Amino acid sequence: MSGPYDEASEEITDSFWEVGNYKRTVKRIDDGHRLCNDLMSCVQERAKIEKAYAQQLTDWAKRWRQLIEKGPQYGSLERAWGAMMTEADKVSELHQEVKNSLLNEDLEKVKNWQKDAYHKQIMGGFKETKEAEDGFRKAQKPWAKKMKELEAAKKAYHLACKEEKLAMTREMNSKTEQSVTPEQQKKLVDKVDKCRQDVQKTQEKYEKVLEDVGKTTPQYMEGMEQVFEQCQQFEEKRLVFLKEVLLDIKRHLNLAENSSYIHVYRELEQAIRGADAQEDLRWFRSTSGPGMPMNWPQFEEWNPDLPHTAAKKEKQPKKAEGAALSNATGAVESTSQAGDRGSVSSYDRGQAYATEWSDDESGNPFGGNEANGGANPFEDDAKGVRVRALYDYDGQEQDELSFKAGDELTKLGEEDEQGWCRGRLDSGQLGLYPANYVEAI
């Protein structure tokens with residue numbers, strides 16, 4: 001008698017050689033196309049990040065360059081600080097180049113390769129996927145047919161074994177039962193014999209089909225291997241290509257290996273190391289400290305042709321280039337190293353006027369003693385000029401006027417070298433305002 005039939009013995013494996021399990025290899029072709037799309041999306045997102053970072057650097061550099069130029073920092077340290085803004089602009093350009101390389105080179109390279117490697121069909125899907133599917137199906141078809149016969153033969157054999165075991169159990173139990181007649185006993189014995197014959201027949205058929213499957217297996221394996229290797233070659237091209245693309249992306253992203261990037265920071269370091277504290281201190285001493293020239297008081301003859309000899313001359317701007325001060329015995333020229341700021345902050349302008357308007361009535365333009373060279377111009381409307389505001393202006397300091405576009409006020413003096421004028425609002429408030437914010441009426 002054969003061994004007992006056990007349905008659990010029918011194990012389903014996940015092997016490539018099982019019928020239909022080649023579909024994972026076929027699916028890999030479709031996955032390859034999708035992965036190309038994923039890589040392009042990945043590159044696009046990184047390019048957006050590079051673009052945004054480059055713009056942020058540019059905006060940061062512009063804002064802080066203006067703040068530094070208008071601020072109180074001076075000399076070589078100012079130039080060193082400003083070099084950071086130059087670094088930001090140059091690095092911004094490099095990140096723009098990274099963005100352009102990612103989009104114009106790397107992404108386009110993947111897109112073109114994908115287009116050449118995968119060919120869409122009118123009915124959907126890719127030509128390469130269909131060729132692989134057809135190749136595997138053709139190689140597996142004869143073997144799959146044999147496997148179907150084998151499964152049927154095995155099932156018949158196992159069923160016959162099950163019937164044989166059941167018949168033998170009944171026949172053995174009947175021997176102990178008094179109610180079973182000899183005729184019934186004989187039928188049970190015949191049933192056992194018949195089941196044994198069925199087991200033998202199904203076993204022979206099962207073994208024969210199994211032998212046939214064994215004979216076709218080598219040919220089946222050869223055909224499947226051939227199609228699989230074709231898929232492997234296609235996948236190898238994709239893997240090698242994407243590796244090359246990733247290396248290109250790395251090369252574009254790695255600014256540390258970019259000679260221009262290295263040069264930017266070499267220049268920045270040189271600019272910072274060029275800052276000289278002693279030089280800056282000497283400059284400040286000569287332009288804003290004890291080293292400045294001075295018109296020391298001395299006896300002056302009265303000259304009827306010069307009615308305002310007692311009035312002090314206006315000081316030059318703090319950082320104006322080529323500022324010259326002269327005295328009675330000679331002229332001494334002091335040149336600023338900071339350069340023309342273009343737009344002077346209220347800090348600088350306030351410093352200049354704080355020294356101009358002293359409490360000495362002989363030099364105070366607000367003084368009321370006419371013997372000192374003239375009357376206070378703020379007290380005489382006839383000496384003022386009516387002007388109209390072109391733009392809104394909000395005073396940033398206590399000595400500045402505030403007005404709206406269209407407001408009228410009185411101009412009480414000429415524009416100074418820093419672009420400010422003295423004026424009076426109709427409310428009587430006196431102060432300073434930007435000269436180019438108004439027009440004569």
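From the backbone N, Cα and C atoms, a Cβ is placed for every residue, glycine too.
Per Swiss-Prot, the feature phosphoserine maps to SER2 (among others); the stated evidence is a large-scale study or a structure entry.
Residues or ranges marked as domain 'F-BAR' in Swiss-Prot (evidence: sequence analysis): 10-280.
Averaged over the coiled coil (23-272), the predicted model reaches a pLDDT of 93. Among the features that Swiss-Prot reports, coiled coil is placed at 23-272.
Reduced to three states, the DSSP call for SER76 (phosphoserine) is helix. Listed in sequence order, GLY274, ALA275, ASP276, GLU279, ASP280 are the same-chain residues at least 6 apart in sequence whose CB falls under 8 Å from the CB of SER76 (phosphoserine). Feature annotation from Swiss-Prot assigns phosphoserine to SER76 (among others).
Neighbour density for THR181 (phosphothreonine): within 10 A of its CB lie 9 other CB atoms from the protein chains shown. Look at Swiss-Prot and you will find THR181 tagged as phosphothreonine.
The feature compositional bias 'Basic and acidic residues' is assigned by Swiss-Prot to 311-321.
Among the features that Swiss-Prot reports, phosphoserine is placed at SER343 (among others), with the record citing similarity to another entry.
Marked as phosphoserine by Swiss-Prot: SER345 (among others).
Residues annotated as phosphoserine in Swiss-Prot, with a large-scale study or a structure entry given as evidence: SER346 (among others).
The feature phosphoserine is assigned by Swiss-Prot to SER358 (among others), with a large-scale study or a structure entry given as support.
Sequence annotations record features per position, and here Swiss-Prot assigns phosphoserine to SER362 (among others).
The domain 'SH3' annotation in Swiss-Prot covers 382-441, and the record cites sequence analysis as its basis.
In the three-state DSSP scheme, TYR391 (phosphotyrosine) is classed as coil. Swiss-Prot lists TYR391 with the feature phosphotyrosine, giving similarity to another entry as the kind of evidence.
Taken from Swiss-Prot, the feature phosphoserine covers SER402 (among others). Around SER402 (phosphoserine), the same-chain residues six or more apart in sequence whose CB sits under 8 Å from its CB are TYR393, ASP394, GLY395, listed in sequence order.
Feature annotation from Swiss-Prot assigns phosphoserine to SER427 (among others). According to DSSP, SER427 (phosphoserine) is assigned to coil rather than to any helix or strand.
Around SER427 (phosphoserine), taking its Cβ as the centre, 7 other Cβ atoms fall within 10 Å, counting all chains. Here THR181 (phosphothreonine) is positioned 137 angstrom away from SER427 (phosphoserine), judged by their C-alpha atoms.
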